[in-house]
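Here's what TrEMBL has on this protein:
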DOMAIN    C:9-522  domain 'Cytochrome oxidase subunit I profile'
TRANSMEM  C:27-48  transmembrane segment
TRANSMEM  C:104-128  transmembrane segment
TRANSMEM  C:153-179  transmembrane segment
TRANSMEM  C:191-219  transmembrane segment
TRANSMEM  C:251-269  transmembrane segment
TRANSMEM  C:274-295  transmembrane segment
TRANSMEM  C:307-332  transmembrane segment
TRANSMEM  C:378-398  transmembrane segment
TRANSMEM  C:419-441  transmembrane segment
TRANSMEM  C:461-483  transmembrane segment
TRANSMEM  C:554-573  transmembrane segment
TRANSMEM  C:579-597  transmembrane segment
Amino acid sequence: MKRLMNWRLYSLLIMLTLILAGCGKPYLSTLTPAGEVAQIQYDLMKLSTLIMVGVIAVVTIIFVIVVMKFRRKDDRIPKQVEGSHTLEIIWTTIPILLLLILAIPTVAATFKLADVSEMDQVNEDGKRDALVVNVRANLYWWEFEYPDLGIITGQELVVPTDQKVYFNLKASDVKHSFWIPAVGGKLDTNTDNINKFWLKFDSDKSEEAGGLFYGKCAELCGPSHAFMDFKVKAVSKDEFKQWSTAMQNADEQQPTTDLAQAGQDIFNKSCIGCHAVTPIDGRPEAARTAPNLATFGERSRIAGILEHSEKDLKNWLANPETYKPGNKMTGTYNELKPEQLDALTEYLMSLKVME
Amino acid sequence: MHADEKMTYETWPAAPEKATLEAKNKFLGFWLFLGGETVLFASLFATYLALKDKVPNSEHYLAKDLFDLPLVFMATMLLLTSSLTSVYAMYHMKNFDFKKMQLWLGITVLLGAGFLGLEIYEFNHYVHEYHHTFTSSAFGSAFYTLTGFHGAHVAFGLAWIITLMVRNSGRGLDLYNAPKFYVASLYWHFIDVVWVFIFTVVYLMGMVG
Amino acid sequence: MSTLAQKKGFGATLWDYLTTVDHKKIAILYLIAGGFFFLVGGLEAMVIRIQLAIPNNDFVSAGFYNEVLTMHGTTMIFLAAMPLVFAFMNAVMPLQIGARDVAFPFVNALGFWLFFFGGVFLNMSWFLGGAPDAGWTSYASLALESPTNGIDFYALGLQISGAGTLMGGINFLVTIINMRAPGMTYMRMPMFTWSTFVTSALILFAFPPLTVGLFLMIFDRMFGSNFFDASAGGNTIIWEHLFWIFGHPEVYILILPAFGIFSEIFAIFSRKRLFGYSSMVFATVLIGFLGFMVWAHHMFTTGLGPIANAIFAVATMAIGVPTGIKIFNWLFTMWGGSITFTTPMLYAIAFIPSFVMGGVTGIMVASAAADYQFHDTYFVVAHFHYVIVGGVVFAILAGTHLYWPKMFGTMLNEFLGKITFWLFLIGFHLTFFIQHFLGVWGMPRRIFTFLPDQGFETSNMVSTIGAFFMAVAVIVMLINVIMTSIKNERVGNDPWGDGRTLEWSIPSPPPFYNFKQLPLVRGLDAYWIEKMDGKKGMTPAEPLGDIHMPNSSFVPVVISFGLFVAAFGAVGIGDKEAYGIPVLVIGFLITFGSMFFRSVKDDHGFHIHKEDLMNDDDKGGKA
Amino acid sequence: MANHQPTSGNPRVDIEYRRKKNKEEMKHQVTSFSLMIFLTLIAFFAVGYGYSHWFIAPFIILLAVIQVIFQLYYFMHMSHKGHEAPSLFLYSGVTVGAITVLAFSTIIWW
Ligand code: HEA
Ligand code: HEA
Ligand code: CUA
Ligand SMILES: [Cu+2]
């Protein structure tokens, strides 16, 4: 009997762990932490879950006893008990102790995660060593600016692994929230101020997740809030170096085929007013009203959600509204004919900085 | 004691504002309401403090450029004095002297109206001299909302006291209307309390930057 | 006065309810209106769940989903849960303290009608261009951008109904402080009365910040001010603070009455006095107090900085302690008792594990650093539905069964009641348990759909199936209500047999003056004490005398209607429509005119004479 | 019941006594009024003379608080018996309000 119970409990636990870890995707789940921040938070989650399961267990045990043992059997009037001081003291102090066990690491972690002092530190050359990314959230798309490197990307954040990356967060229209679940908790992008925090991307975990983390907008921001996804490419420090150098040196890319040339012509007529195609964009923020497309050919998604295929790109260009209701591109250019779509697709897909 | 009993000088109780159950309820209910009003005004003050001198560009006037001490001082004196006159009114109410109560209430109303007049003049002045309006900046919005809420309270208090005076002018004091007068005077004092903080926090602290 | 009424026509009954100032009838009005809005909010919940059943679903569009989502939250909190607890407070609290009515019967009616017209106004948005779509929290930057008039309806509607709630709160406070029967000291008040007291105090202090916040929102949207416009120096965080300074106490405004109802149920159906009564009182007050110190736990990710986050995290956790005290006291009320499993008791029993699960996830999200992960995910959705549905809705359902005989004089069917219970319980856990996992797997809340291949499919389907169980449960309950009303088998004073407090000492439903003679209270559980002493009823504390009663009045409806009209005017002004200002003025004229009328016209009420009371059989609840 | 005042049995004497009490109280009221005016004057003068900001702000707020206490306890009679519930709720309101003001002036800094 006891064996059976044990066995049941054991399998139950295994099942629970499986559900807990198994179903979450490594590129998305907070239960597969892929960096220091997420790890700290995961540890807190585990600690609190442990305490809470304990609390629930105690309550459940008393509960079951009470409900089993004190069912009405006869018409006697039970003794009218007023209370018990001993019990009161017990169930006041034990919860306080449990909460202290949770509160201390909570406070420690809160301060640790908010420590961005390195952002202001400069070395002898008057430059900072820390890698800083300015994140600007816009209705349904993200812009990532590397102020010290002078480059800008849209929709896809590229970061080096195993080092702290610091973020300046803000929104240009309404409030959004910047969240890469597997790598660390979220922080809001406000319209009023700049929020700062840091994240760290673990190289091994990143490999397990396929080198690509899912990022999400976590604050209701309008109809397409559900689709305000972005992706994070975590690469080694060397690769990051290569990438950023390539970005810095990327000139305006010249089309290699006639079709792409035709695409560029259309683009320069209808789209360039909003979209830039070089990673170095000197215009002020307010003028940068659309994702930078310099690396579009190397993207993993279109508009954050669609597959990176020619078919999807044509669909998107033909009718963005179906894919992202309320997006800010719909209706800003003339309807595109199939051959124009072909040309634009050819051109856009050829936009790359890494060869 | 019933609210509709005819009262005389002899039978008039010491605390007419709390002599019947209805009166006690009204008295307490009104105090609780003032407790809520405290939070209401605190929220407005908090908003004002957060938005003080928050303007879109450097062309806007700030608190220290706007305010005019003598004007505020006059307004303050009017309102403070009106608080005292309403105390006089309640003093006579307790002594069952209806005529004198009405007289002092009348003075209170005049002082209150004077205050309101000054406030309207002041707002007008800011709008025309400084283009400091409700819509010109967050500072403007917060300033006019806080002072305007107070001004609206003054206006409402005036209307209330006048209504009471007119309605009861023909019939003198009884236990039905005494609590009404008392509660109205509490309201009036509360308006004064709020003003004390407005002139301190908004005007005086605004002056010193 | 049409008081000792016999059978009346429909028109007369309707007029009776439109003009009533009787707390028992107002309770019924709250029950009906709140119940109606609960169905509306539930229907909206079903739309949410159907839309989320499968990935990339197009049952509703993105924009419409946001409207449904916002209205679900707003309706449930403001127009369903709160009025429903108000229904029980109105129905029961005056009886529990041995009062003949609330302190301000007129204001009580006014409070109801303001709530009602505010709620109707809010829902008019569906037909007038679109409902609000910025979430029930209506965060300022999004709310200002929202293209339809929805947000205007939200701000104005909540302003009107909020005024009603505030009046209700003050009214209950004064009633409890001033109108307790002889012998009913504070420490002899039933737990439900205590929770009404603390809840009302929370209302008194929590609603003004909401009022201010809504005014700022109205001014910004309709009158061109710049409170939340960063480019003009404004700041959206002000709205967040104001909303949550209100919003957090609000959740305790909902749960404390629920705690009160359960306290009564545990005592009645265990036949035992509430264990640790004084610590229960203390815990209730403490929860109310702490409720004002923790609001920023909804804003951990706003960027307030580590100091604020740490302080608010620790303060929030502290609330677990008094709540725990209550949980254990309930368990030990049952301990050694003689438990019967009636429908109300089933809800109360199920409430304990359900609420504890919701409460402990509350402590988990209170851990600021961890909340950076939980915030705005389905984990939070799971948390608050566990406390709200497992706490508040269970209490409302339990209270409905418990107090139905007291309010209507007939018992709801126990068999159907238990079917409702089991369906609802199963559906509830099925719907919301899995959402904890969805949250930590990375599913944000307030998304109108989700993409496949993120691991969300199965769990969302499970959740939707659970919601259908709840819907069926609610439908069974509606059938129960209809059947019971048709059968209409009358019951006596104390239909559950083990009533402990004063309300069970008088007929069901009580006569309109409640107590022929005010009862003398000799201790906690006043009626139980008398029963144990072998007495039939309460000992009167006064000789039979005339009873003073307030007059009915139609003015509350008119006052509220005036604001309803004025609100349309305000919306018009926001749209720069020509009709705006005149309509606003007409509305205010109606309101202030009727207020003026009310204050100028003396209303001394009337007296029921001793002789009439004596003729009134013994149905007048001899004390 | 609150309307049962201590009586000497002779209504006339009582009334005389009460009138005298009222009169005395009215004197206190006038005194506190003068004090309030005085405090106001100090506040305005302090600002008029332009002392340092760090001194003036707390100083005039203190004056305001004192003045308000006069209002509450004398003008609004909170010093009288039967004001337990009013003061409980007023102070609760003040507490909530103070927390609000504190929060708005500390954690909305940008
Ligand atoms: C009835 C409503 C209700 C109740 C009672 C509660 C109760 C609590 N809530 Fe909840 N909450 C909501 C309704 C409610 N909440 C809603 C609606 C939201 C979302 C709003 C929105 O964003 O839309 C929310 C969101 C919310 C957040 C913000 C999450 C986020 O958005 O990121 C937080 C964070 O701290 C929180 C905490 C708590 C805590 C600590 C309690 C505590 O009071 C719980 C205390 C109870 C227990 C702890 C269980 C019993 C205790 C014991 C058995 C003793 C032993 C226990 C321990 C030692 C732990 N709640
Ligand atoms: C009192 C509060 C309350 C209650 C009782 C409920 C009850 C329910 N809620 Fe609610 N919910 C909120 C308050 C509440 N909710 C709030 C505040 C939010 C946040 C909103 C926001 O983000 O802004 C929210 C958000 C919310 C979400 C998240 C949406 C999102 O983030 O995108 C979901 C999703 O599952 C959900 C589901 C449900 C369900 C299935 C129920 C069920 O328990 C409902 C059960 C009731 C029924 C099923 C009745 C159905 C009745 C019928 C079918 C009969 C109809 C027929 C006639 C008219 C005759 N709710
Ligand atoms: Cu951006 Cu949600
Ligand atoms: Cu909260």
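The backbone N, Cα and C atoms fix where each Cβ goes, glycine too.
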Three or more CB pairs closer than 8 Å, sequence separation of 6 or more: does that hold for the transmembrane segment (C:153-179) against the transmembrane segment (C:554-573)? yes
Would you say the transmembrane segment (C:251-269) and the transmembrane segment (C:378-398) are touching, if the rule is that at least three C-beta pairs must lie under 8 angstroms and be 6 or more residues apart? yes
Could you check if the transmembrane segment (C:104-128) is in contact with the transmembrane segment (C:554-573), meaning 3+ Cβ pairs under 8 Å among residue pairs at least 6 apart in sequence? yes
Give residue numbers and ranges for long-range contacts of the transmembrane segment (C:251-269): same chain, 6 or more residues beyond its ends, CB-CB under 8 A. 77, 81-82, 85, 88-89, 190-196, 198-199, 202-203, 206, 280, 284, 287-288, 291, 326, 330, 333-334, 339-342, 344-345, 347-348, 351, 384, 387-388, 391-392, 394-396, 398-399, 402, 496, 498-501, 525
Beyond the flanks of the transmembrane segment (C:554-573) by 6 or more, those residues with Cβ under 8 Å of it: 18-19, 21, 106, 109-110, 112-114, 116-118, 120-121, 149, 152-153, 156-157, 159-160, 163-164, 218, 222-223, 579-595, 597-598
